[in-house]
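In Swiss-Prot this protein carries:
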- R36, L54, D55, L56, K57, G120, H121, D122, I123, N124, Y125: substrate binding site (BINDING)
- K57: N6-acetyllysine (MOD_RES)
- K86: N6-acetyllysine (MOD_RES)
- K86: N6-succinyllysine (MOD_RES)
- K100: N6-succinyllysine (MOD_RES)
- K100: N6-acetyllysine (MOD_RES)
- K117: N6-acetyllysine (MOD_RES)
- H121: active site, proton acceptor (ACT_SITE)
- D151: active site, proton donor (ACT_SITE)
- K267: N6-succinyllysine (MOD_RES)
- 316-344: region 'Disordered' (REGION)
Amino acid sequence: MVLRGVRVVELAGLAPGPFCGMVLADFGAEVVRVNRLGSTGENFLARGKRSLALDLKRSQGVTVLRRMCARADVLLEPFRCGVMEKLQLGPETLLQDNPKLIYARLSGFGQSGIFSKVAGHDINYLALSGVLSKIGRSGENPYPPLNLLADFGGGGLMCTLGIVLALFERTRSGRGQVIDSSMVEGTAYLSSFLWKTQPMGLWKQPRGQNILDGGAPFYTTYKTADGEFMAVGAIEPQFYALLLKGLGLESEELPSQMSSADWPEMKKKFADVFAKKTKAEWCQIFDGTDACVTPVLTFEEALHHQHNRERASFITDGEQLPSPRPAPLLSRTPAVPSAKRDPSVGEHTVEVLREYGFSQEEILQLHSDRIVESDKLKANL
């Protein structure tokens, strides 16, 4: 795999950091998740990782992490600005120990600025990026599209990109560097198309009344006779013509496709037509055409959809739980996600410490002093 041999130390945090670490692990990196002692939180995104339980509030725990980072390629930390410095684990310290270290800092607001030390969640980062103002139905409040955009798109995935870029640059310079990955800025960067197309008038109407935000009758969803939904994205004229054909409508009897003043009435007409058939019936009509009409699938339906099955787009883990296959698909060095169950907290404490150069005596002492936790050591005491 493409990241085979890359050592990553991931400090436990909420979803964006674990997702970043999971992507790295899926593509071959050796990821150690450092959990807090006594942590009972689920490792929802721990596939392919190993878990070390370590107390970073005590000086011995800080020393352990410094020794690990001296041998690691990447440190991934998800804390607010200043937390790592307070622990004496800031980039100045760790890069002095290991000049080749990639020090990845994933936070909501970044490492500087007036919001850098305050709490926030996906919706807050989405709001500050400007993107939230664009999402929502006409006449309604803005609403977040789950917590995908800022947490995972602008956060975890953008941080993963930063790490891979820094690793590539290190092959030239031999030096590590600090990655300041802000979810606000990552989300804003994802919205570059929106910014660049503003002068074209693509977003001149209020939220929910533009061509790509649900305002157009040919770019929205419609309810079917059985209470399900179909998604329509027939923007181009040739695709729009196929949409009308499938709906049994004549273009001569309708206003011009791009007559935005007529869109509300056209949406009502399209909705009336879609409501006359079930989702399955509409799939029979539109599947295999270029009308850009697809069913809105549930997770369960997505698992079993023929297209997704042909591409093996979903996999099962060691506990037979389904999840998406890692993407993108590389031809020579594809991801090989672990089929094992996700690790329990501290499950690999002993083996990880050994790999990072700790002697048996040191490990026993750390356990005795409650700097680390390990069920394996407990069983032997």
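Using N, Cα and C of the backbone, Cβ positions are placed for all residues, glycine too.
These numbers come from a predicted model, not from an experiment.
Everything Swiss-Prot records as a feature, shown here on the structure.
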{"residue": "R36", "record": "substrate binding site", "Cβ within 10 Å": "18"}
{"residue": "D55", "record": "substrate binding site", "Cβ within 10 Å": "19"}
{"residue": "K57", "record": "substrate binding site", "Cβ within 10 Å": "11"}
{"residue": "K86", "record": "N6-acetyllysine", "Cβ within 10 Å": "9"}
{"residue": "K100", "record": "N6-succinyllysine", "Cβ within 10 Å": "15"}
{"residue": "K117", "record": "N6-acetyllysine", "Cβ within 10 Å": "14"}
{"residue": "H121", "record": "substrate binding site", "Cβ within 10 Å": "15"}
{"residue": "I123", "record": "substrate binding site", "Cβ within 10 Å": "16"}
{"residue": "D151", "record": "active site, proton donor", "Cβ within 10 Å": "26"}
{"residue": "K267", "record": "N6-succinyllysine", "Cβ within 10 Å": "17"}
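Spatially, by CA atoms, the recorded positions K100, K117, D151, K267 include one closest to Y125 (substrate binding site), and that is D151. Inclusion criterion for the recorded positions R36, D55, K86, K117, H121, I123: a C-alpha placed within 10 angstroms of the C-alpha of D151 (active site, proton donor); this criterion is met by H121, I123.
Taken through DSSP, the region 'Disordered' (316-344) splits into 0 helix, 4 strand, 25 coil. For the substrate site, whose binding residues are given in the record as R36, L54, D55, L56, K57, G120, H121, D122, I123, N124, Y125, the maximum C-alpha distance rounds to 31 Å. If you measure from the Cα atom of D55 (substrate binding site) to that of K267 (N6-succinyllysine), you get 58 Å. Under the three-state DSSP scheme, Y125 (substrate binding site) falls in the helix class. For K117 (N6-acetyllysine), the nearest of the binding-site residues by C-alpha distance turns out to be I123; the candidates were R36, K57, I123. For Y125 (substrate binding site), other Cβ atoms within 10 Å of its Cβ number 30. Across the fold, the C-alpha of K267 (N6-succinyllysine) and the C-alpha of H121 (substrate binding site) stand 35 Å from each other. Between the C-alpha atoms of H121 (substrate binding site) and K86 (N6-acetyllysine), the distance comes to 23 Å. DSSP assigns D151 (active site, proton donor) to a helix in the three-state reduction. DSSP classifies R36 (substrate binding site) as coil under the three-state reduction.
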